Amino acid sequence: MFPFGQKGQKIKGTMVVMQKNVLDINSITSVGGIVDQGLGFIGSAVDALTFAATKISIQLISATKADGGKGKIGKSTNLRGKITLPTLGAGEQAYDVNFEWDSDFGIPGAFYIKNFMQNEFYLKSLILEDIPNHGTIHFVCNSWVYNSKNYKTDRIFFANNTYLPSETPAPLLKYREEELKNVRGDGTGERKEWDRIYDYDVYNDLGNPDSGDKYARPVLGGSALPYPRRERTGRGKTRKDPNSEKPSDFVYLPRDEAFGHLKSSDFLAYGIKSVSQDVLPVLTDAFDGNILSLEFDNFAEVHKLYEGGVTLPTNFLSKIAPIPVIKEIFRTDGEQFLKYPPPKVMQVDKSAWMTDEEFARETIAGLNPNVIKIIEEFPLSSKLDTQAYGDHTCIIAKEHLEPNLGGLTVEQAIQNKKLFILDHHDYLIPYLRKINANTTKTYATRTIFFLKDDGTLTPLAIELSKPHPQGEEYGPVSEVYVPASEGVEAYIWLLAKAYVVVNDACYHQIISHWLSTHAIVEPFVIATNRQLSVVHPIYKLLFPHYRDTMNINSLARKALVNADGIIEKTFLWGRYSMEMSAVIYKDWVFTDQALPNDLVKRGVAVKDPSAPHGVRLLIEDYPYASDGLEIWDAIKSWVQEYVSFYYKSDEELQKDPELQAWWKELVEVGHGDLKDKPWWQKMQTREELVEASAILIWIASALHAAVNFGQYPYGGLILNRPTISRRFMPEKGSPEYDALAKNPEKEFLKTITGKKETLIDLTVIEILSRHASDEFYLGQRDGGDYWTSDAGPLEAFKRFGKKLEEIEKKLIEKNKDETLRNRYGPAKMPYTLLYPSSEEGLTFRGIPNSISI
């Protein structure tokens with residue numbers, strides 16, 4: 001029975017959709033665009049119009065009038081004609097739809113939609129106009145809608161109003177609760193492509209024991225190896241290990257987490273998959289068949305990668321997927337060769353990487369700028385168990401340091417807060433013997449830096465330690481190296497720095513990048529979708545910072561961090577990479593991820609209420625920290641204003657069942673292996689919510705930008721950021737030492753990442769360092785001003801955007817100040833990674849909202 005009284009009035013609606021084949025990878029012609037195919041649901045515009053009109057039905061749901069305790073449901077109506085709108089984006093189509101209305105129905109607050117077509121389509125939005133006594137209502141949908149038979153309950157979408165649970169209009173409350181229940185699922189069964197279910201699982205999908213022991217990997221999470229949780233797929237288990245999940249070509253994601261928009265990063269991500277499945281095997285064949293030489297002979301040959309390129313086998317391109325980003329990297333120009341763009345670190349000065357100043361500068365303005373710590377004791381001690389590992393007290397002595405302390409003693413330098421350390425020792429020692437049992441050969445490293453009067457850092461000494469040949473309990477075998485600038489000793493010192501950088505490169509990729517951003521954020525994505533309604537204010541605050549994260553993480557588990565994947569092949573830690581990240585996760589602290597807390601914990605800043613950001617930097621010219629504090633403050637101010645708009649008291653927050661369930665599940669399940677840690681916020685005050693939300697947004701946006709988009713600009717020159725070491729340091733009197741004296745460049749290259757691994761590494765990090773054409777950056781949102789109907793948050797968000805623009809101008813001015821030497825360095829590459837905005841491509845700047853690549 002039609003629930004309306006008078007049927008005379010109409011509500012006009014406009015629905016915007018995208019068809020499935022818009023996101024077909026074969027229709028993409030470049031990293032930025034699509035082929036115009038006269039896009040319609042099934043081909044021609046006429047077909048699309050008739051088809052859509054009869055196959056998609058919609059029912060409005062009242063937010064103000066109830067029927068049986070739930071909002072009244074209107075009569076089903078179909079899409080009508082296709083219309084043209086000036087606001088339509090690429091591949092988008094608009095249709096009009098009319099709804100009958102009377103005053104007994106009230107104001108619409110949601111709608112049901114059914115798709116009776118064979119194919120799914122992407123629903124962008126619905127706008128209802130001229131609603132009596134109300135005006136216009138916006139529904140921002142951004143969701144795939146499959147044939148209705150694939151769903152147990154009808155698909156529902158809510159208007160862009162924002163409500164705490166206690167403020168939800170009574171007719172919508174049950175719909176709100178039911179929709180949350182739908183996306184939680186029941187924890188059983190294998191997930192299907194059209195599912196929208198968010199649930200948790202451990203990392204039991206990295207290996208494939210059925211293919212042999214070489215491919216078996218331990219389960220991470222819920223065991224002695226703690227780990228954040230990932231999305232559950234429900235796939236079956238392997239034959240050999242009932243705890244490991246069977247590999248599959250299809251990796252389930254809740255449908256709207258994958259390809260939910262025309263985004264070239266989807267294809268950047270597919271590029272990574274192509275490197276793993278196509279490029280890697282073909283390159284391996286080329287090297288194994290001696291078509292390509294195994295080693296670089298000198299630094300000039302490395303430079304040729306960017307100037308002339310490497311000639312490829314004649315059939316190379318026919319064997320790799322026709323993915324635009326891959327085509328772009330394997331530039332043919334009529335010939336089959338591999339040529340990379342010159343990385344920024346060598347664009348001005350090809351040998352800047354060899355200087356001590358650049359080596360030191362990159363600890364505070366490079367790829368891994370959040371590891372360096374202050375030295376507060378001397379000699380440096382170890383936290384390793386002495387019974388198991390012997391005495392690991394650092395053997396760097398005063399005699400190694402004081403000649404270069406500018407007249408200070410070590411004690412005075414420590415007192416004046418002038419000594420810093422890059423410490424890659426304790427976490428590596430338990431795995432070092434296993435790592436060195438393969439073709440890789442390396443050391444645990446400790447590097448001491450001195451803060452000079454001109455504000456720059458300089459390395460004073462490097463300790464290289466390897467396991468004692470008679471056993472771990474005897475302690476390490478260690479040597480100390482100090483700077484040298486002439487003869488063979490200059491190359492010994494260059495090698496010592498290379499061992500440090502190899503450790504730093506591994507720690508960066510697997511800990512600072514993968515673990516501390518990608519893996520850490522995934523449980524937040526899952527918990528937010530399971531426990532916070534789409535109309536909850538905190539859902540709307542955090543949602544933009546999750547875009548594409550689960551998608552890129554699932555691809556990473558399949559091609560990057562999986563057993564025998566790209567990371568294991570091209571980074572020193574090899575098969576132990578993910579296991580080591582689990583060991584390091586044990587000591588991860590959520591509250592320390594707030595930038596001011598991180599800086600204070602590492603001793604590179606001290607709390608100072610009179611300082612602009614509440615902390616004073618001890619290395620005043622610390623580009624990552626000084627720029628980051630500007631961004632951190634802007635994020636926190638925006639979050640503070642937003643939270644205060646919706647929660648007028650701590651009591652309101654305490655009584656919010658969705659918020660409390662969200663935080664409880666995040667801590668106890670999502671990061672459940674650390675649930676008993678005392679540092680978790682209790683989520684009893686608005687201040688705790690502001691801090692937790694700001695930390696999450698910081699991790700997903702600025703922290704990820706700082707450790708990701710410099711990968712190619714710094715690491716694209718393998719000489720600057722080697723990822724593997726293959727030989728130990730040559731000892732005096734040995735043939736290797738003599739060879740180093742005669743041909744230092746060749747011997748250096750024999751020690752670091754080999755040619756095959758270099759080509760794979762560069763191909764991947766060039767993709768990872770790119771921005772997509774339709775990326776959303778911090779201070780921007782998809783949907784323009786329609787993500788909420790509340791004017792207060794909309795105005796606050798605009799102020800946030802303006803603040804970020806001001807910060808960017810300030811950072812640009814800073815980079816013009818030549819007295820700030822750490823911003824520029826010998827490589828003459830200003831620190832731009834925390835500029836909020838960017839164009840598409842390889843830009844060395846820009847803070848996307850989310851971890852999208």
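Quick reminder: no glycine exception, Cβ is built from N, Cα and C everywhere.
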Item checked: Co-listed Fe cation-binding residue [Swiss-Prot; alongside HIS513, HIS518, HIS704, ASN708] among ILE372, ILE374, ILE375, ILE853 -> ILE853
Next item on the list: Go through HIS513, HIS704, the listed binding-site residues, and name the one with the sparsest Cβ surroundings, counting other Cβ atoms within 10 Å.
Entry: HIS513
Check: Cβ under 8 Å to the region 'Disordered' (213-250), counting only same-chain residues 6 or more beyond its ends: which ones?
Finding: 187-191, 193, 198-207, 257, 519-520, 522-523, 526, 550, 553-554, 557, 563-564, 575, 578-579, 581-583, 585-586, 669-674
Next item on the list: Drop a 10 Å sphere on every Cβ of the binding-site residues ASN708, ILE853 and tell me which sphere holds the fewest other Cβ atoms.
Entry: ASN708
Margin query: Using a 10 Å radius around its CB, how many other CB atoms surround HIS518 (Fe cation binding site)?
Written below: 23
Next item on the list: Restricting attention to the domain 'PLAT' (34-159), give the mean pLDDT.
Entry: 84
Notebook entry, point to check: In the same chain, which residues outside the set HIS513, HIS518, HIS704, ASN708, ILE853 have their CB within 8 A of the centroid of the CB atoms that define the Fe cation site?
Noted result: TRP514, THR517, ILE552, VAL707, LEU768, ILE851
Notebook entry, point to check: Taking DSSP states H, G and I as helix and E and B as strand, how many residues of the compositional bias 'Basic and acidic residues' (228-250) are helix, strand and coil?
Noted result: 0 helix, 4 strand, 19 coil
Next item on the list: Please list, for the domain 'PLAT' (34-159), how many residues fall into helix, strand and coil according to DSSP.
Entry: 14 helix, 66 strand, 46 coil
